[in-house]
Amino acid sequence: MRTLIKDTINKVGEEVLLKGWVHTRRDMGKIIFIDLRDSSGLIQVVFASKDPELVAEANKLRSEFVLAITGEVKARPEKMVNPKIATGTVEILVKKLEILNEAKTLPFEIDKDTSVVNEELRMKYRYLDIRSERVKNNIILRSKITREVRNFLNDKGFFEIETPYLTKGTPEGAREYIVPSRVQPGKFYVLPQSPQQFKQLLMVGGIEKYFQVARCFRDEDSRGDRQPEFTQIDMEMSFVGQEDVMQLTEEMIIEIVKKITPEKTITKIPFPILTYQEAMEKYKTDKPDLREDKDNPNELAFCWVVDFPLFEWSESDKKLNSSHHPFTMPQKEDLNLLDEHPLDAKAYAYDIALNGYEVGGGSIRIHDRNLQSKIFRILGVGKDEAEERFGHMFEAFSYGAPPHGGLALGFDRLVMLLAGEPNIREIIPFPKTADARDLMMGAPSELPKEVLKDVHIKIVE
């Protein structure tokens, strides 16, 4: 049975079977050393056998060959202990070697920090980049945070529910990715920008606590640190107010930091709360960086920003737009402003910022059909257009929709900041370029004409 490298320190004197990759190789003449790597760590392997066949096989080894090695776990002499690796007190004296696969020369070195390597080259060979310690650790950190989110919300009585990826086009700001229907010619699905409407409909359905590690899609123009597909921790609750959602989110984040990144320090608990007006007047931004020592990589300065305007004026479109989205509830005391002074109305909306980045946002939602209709009228969406685009929401609100609210955390950006990385591509297993290309798979790509014909699409030059 295979032993993981990390477990060898407890098996001194035992014979073990290890499987992994050649990380480095050192030929000292009569003795050959390799560092063997698996997902759990590194260990020094020693070929000091007098068996000529074993020595001949060892001489073939090169970086990233895949091996199965049987040998005895030996304690290293005290002066040979390597404190830089977890298994530095032991080594493996090889008795049997099997080469499971060979590897050609790599396009870049992965036994060093690959952040200095050309990024497009790294993305083309992302599967090799993942073997590097830093990227591998980032992906493992991402997994651990996901697990902690699930544990926390499960303990709070939430249900993890998957919502559809093929849905109706109801633009909420950014362009949507379009998916043609083969069986319904001339009709299209879109990939969701968020599960916003579905999670509200789950509240109407009586699921009072929902969450999802949700994939979201936005067909945006090239923008440095954005991805066309991204992940958010999506939550929704019935019978809650703004403070309830903020408190639960804050508790979850504190728990994540404490359990997964204990070396990090949160500047202030509870998180400071600023109004939108205060943030703009004092910091000139709605995502202020409140760190006390910006040179400290382990300081996490979270804060809430609340009381956002319900609407904003678009000079280019010459109309009002929703500051968050059209389902956001106006503050109760501002309802009388909607008819004459809509720009003065504030929303039950809240963002959470970390070290100068927005890492999440949410709101209390409208659950009344008449109020929702009024918001669309203010936004310049005619009755027929609103019915066409959002009739399913109006209909649902007619059947006893409960008060509800929620929040979505930008998971990629949160992991990026906890990992101390400069951009989200470093913590996404298979990221795309700023212009939405997958250099590894070669996507997007052209499709054969017969495939396009099958979905009733013709390319016009």
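Glycine is treated like the rest: Cβ placed from N, Cα and C.
According to TrEMBL, the domain 'Aminoacyl-transfer RNA synthetases class-II family profile' annotation covers 141-429.
Other C-beta atoms found within 10 angstroms of the C-beta of His324 (L-aspartate binding site) number 22, with every protein chain shown included. Look at TrEMBL and you will find Glu172, Arg218, His324, Arg365 tagged as L-aspartate binding site.
Residues annotated as region 'Aspartate' in TrEMBL: 196-199. Residues 163-164, 167, 170, 172, 210, 212, 234, 236, 325, 327, 390, 392-393, 406 of the same chain sit 6 or more residues outside the region 'Aspartate' (196-199) yet have a Cβ under 8 Å from a Cβ within it.
What TrEMBL records for Arg218, Asp219, Glu220, Gln227, Glu358, Gly410, Phe411, Asp412, Arg413 is ATP binding site. According to DSSP, Arg218 (L-aspartate binding site) is assigned to coil rather than to any helix or strand.
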List the residues of the same chain that sit at least 6 positions away from Phe411 (ATP binding site) in sequence and have their Cβ under 8 Å from its Cβ, in sequence order, or write 'none'. Ile145, Thr146, Val213, Phe230, Thr231, Gln232, Ile233
Glu220 (ATP binding site), Cβ-centred 10 Å count of other Cβ atoms over all protein chains shown, is 14
